[in-house]
Amino acid sequence: MAPTTGLIPDDDARVVHRSFSDDAADLAASMPQSTRVRSLSPPPPLQPRPAKTILSRLGLNGLARRTIGMALLLLTVFLWTMSNFMASYIFSDNTYSKPFFLVYINSSVFAIALIPAFVKYLSENGATGLTQDISRMIREHREERKGSLSGSIGSGSSGTDSDRERLLVNEEQTEAGGVHRAHHAQLNFRETMMLSLEFMVLWVLANYFSAACLEHTSVASVTILTSTSSMWTLIFGALTGVESFTVRKLMGVLASLTGVVLISLVDLSGQSDENRGSFPYKSTAQIALGDTMAFVSAMVYGIYVTVMKKRVGNEDRVDMRLFFGLVGTFTLVLLWPVFIILHLTEVETFELPPTGHVWTILIANALASFVSDISWAFAMLLTTPLVVTVGLSLTIPLSLVGEILQYGQYSSILYWIGALIVFISFAFISHETKKEGVREHSAEGVEDRAVTERLE
């Protein structure tokens, strides 16, 4: 509803209010007492219309949230695994081994998420409004940097009484709940834009290594080794003070490392070559390189998550659709010179896909990546983060089954044992992290209530 402030001048508003009050008083005086009481009693408050949920907007009110969420989670698992096999199909036999080209397309596709919002913005504000807002954001960013620099130089050495008075007022407002709001407030567009620009490199690096390793090793090994990102998140988080390191979590990390060692031993011993089926032959050095790159991908993703928690605190503060949309836009606009660098260094010579079949695989891979991330986000909303995190570990057995179906490649018993250990440790670490998050959330709620009661 549009605001009514300013529709009636202040003087006229007072006149209208006085005349209405006088008429109401005269009318009330002329009524019988019983009628007067009933008439002057306040009307029952209007009940707010409930907001439409995700399911109601989709016309799926009759289905349970958890059912839809689990279906979307299974779709995410299937699409992520399928995209890995599509990339492996053109990478493993060097049909078109261009991992950066694939990552560039996949990341750039995220910019599609910004198109509806951008079109709506232009229709409401026009190109002039866009230019003005960009100029304002740049100006505010410069002023913030100047303010922080001057504040760090002259902190505590100067300041007027009015400055100190404003500071005291702000401190009182902060104690009344401002800290909690600031810590959990949603990031605005400019803050999200700066965050996405900073994290773009980590995001692209993690995805590049996870794609490049498919040229040298199997999809199952890549899936299992990259799933150790939860382990690296825990380690880096403990080192930076973001996560607490408990004995139970240590057991999960050691179990995960044990599973990784078993899988690596099978890969490097050559036992997997006997049952590789139609999967292209890879030397021990190639497999070692591929496994290492998958491991590095997990480490980079662990760094990405840890730094995100350190910078933002709670990922709920970030509009992920906007964040990844901006990551895709920055990738599209800023990272094209990397093609030149990789071409000149002969790390990845630039050439377009040779056939329509390869183009189809690349486009399908990009769309699968885009749809899977959207379904992942909705699954997170309709279920819980723990369910989604543990559910994504289903990519491990699915990738093993996929290798049997696509390449006729059967893994040894030791390999399956290693995969099972990684799977269980992945679920265990996720469960422990979730329990700790619930305890911290409850403690924050108790602390906030205590502060509010003390101030009141």
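Backbone N, Cα and C define each Cβ position, glycine as well.
What TrEMBL annotates here:
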| type | residues | note |
| --- | --- | --- |
| DOMAIN | 67-122 | domain 'DUF3955' |
| REGION | 141-165 | region 'Disordered' |
| TRANSMEM | 67-91 | transmembrane segment |
| TRANSMEM | 103-122 | transmembrane segment |
| TRANSMEM | 193-212 | transmembrane segment |
| TRANSMEM | 218-238 | transmembrane segment |
| TRANSMEM | 250-266 | transmembrane segment |
| TRANSMEM | 286-308 | transmembrane segment |
| TRANSMEM | 320-344 | transmembrane segment |
| TRANSMEM | 356-379 | transmembrane segment |
| TRANSMEM | 386-407 | transmembrane segment |
| TRANSMEM | 413-429 | transmembrane segment |
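Across the domain 'DUF3955' (67-122), mean pLDDT in this model comes to 88.
Within its own chain, the transmembrane segment (193-212) is flanked in space by residues 87, 91, 99-100, 102-103, 106-107, 137, 141, 187, 222, 226, 293-294, 296-297, 300-301, 303-304, 307-308, 311-312, 318, 322-324, 326-327, 330-331, 334-335, which lie at least six positions past its ends and keep a Cβ under 8 Å from the stretch. Long-range Cβ contacts of the transmembrane segment (320-344) within its own chain (Cβ-Cβ under 8 Å, at least 6 residues beyond either end) map to 100-101, 104, 107-114, 117, 189, 192-193, 195-197, 199-200, 203-204, 350, 373, 377. Under 8 Å from some Cβ of the transmembrane segment (218-238) lie the Cβ atoms of residues 81, 84-85, 88, 210, 244-245, 249, 252-253, 256-257, 259-260, 263, 267, 272, 279, 287, 290-291, 294-295, 297-299, 301-303, 305-306, 309, 389, 392-393, 395-396, 399-400, 402-403, 409, 411, 415, 418-419, 422-423, 425-426, 429-430, 433, all in the same chain and six or more residues away from its ends. Using a Cβ-Cβ cut-off under 8 Å and counting only residues 6 or more beyond its ends in the same chain, the transmembrane segment (356-379) has close neighbours at 54, 68-70, 72-73, 75-76, 79-80, 82-83, 86-87, 89-90, 95-96, 101-102, 105-106, 109-110, 112, 320-321, 324, 387-388, 391. Residue counts of the domain 'DUF3955' (67-122) by helix, strand and coil are 49 helix, 0 strand, 7 coil (DSSP-based).
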